[in-house]
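Participant: Submitted below is the structure of interest, expressed as structure tokens.
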């Protein structure tokens, strides 16, 4: 009992320290609001029409930027469903066996009833010792959150949260609107920044806010532009920033495939932002799928492999009720990503016959003879 006290104090201090980058960003944004609205628009701009246009456009961008940032911070990352966790009997059986092929046989037996197609570099089943569960495809353990995160991209200190399946769209919008925010400030502040050097501004404290506002906005624009372009490339390729996807090729049952999750530019984009265009620019959840199973460029119907964890309808209902948002089922959302795939349309009828027995169609990696 004694060590738990210092350990809990240490963890509490760490949680406080993790919020420092977020607090820093919040202070920067608060100062930029004061400098732009009060010092630039109200105090320095004399033309009323220009002042009104700048303030309206600024607040529209500011609201979307803060909204996306809030959603990225406070949307909880999704964790694997309980069907991926080992039962008490499976845990005991795994502990009794020696490390090696015997344990892999147990894990393979359990994974046979789950939509798991990726493997470790050595070809083994991906298993998390910390969480005691079989990792769904694209799921990874975050050492900071100490949890397995569905479709984990990275843990971002600037939002003090894991960026993954549940908030990756919000993160992309946060990058987009923060870049637009900085570019707008830089563009509208430029003429007054020039007046600062030509002695065209009155000698008040506003001119120093205008000076530093231009410098900070332009510098943030450069860093944000590079980060946003990189993540746009990742979305187009349907990859994450993790080494297992961005650098190395993901390992599937049939072998490595660097573009294994890529369905083409349009379908990759829809997988993140959803198939309803009206929700694309809005920080509300609209991504396709459930985070546990993903269609790939090699998709075929496999009657022996489920596309969603097996279980009763009541268990599925309780799992869905515990989520943060209405996650679209695979049959409705993921199938739309694959409507142009011949192998999917040909086997659609066979999948509908089993509609009562399985809630979702099966996504497989290998083309089977």
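Note: Cβ is positioned from N, Cα and C throughout, glycine not excepted.
TrEMBL does not curate its annotations; it predicts them automatically.
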Participant: Can you say which of 52-70, 71-89 is given as transmembrane segment in TrEMBL?
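Facilitator: Per TrEMBL, the stretch marked transmembrane segment is 52-70.
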Participant: DSSP helix, strand and coil counts for the domain 'Palmitoyltransferase DHHC' (125-241)?
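Facilitator: Tallied per class, the domain 'Palmitoyltransferase DHHC' (125-241) gives 62 helix, 16 strand, 39 coil.
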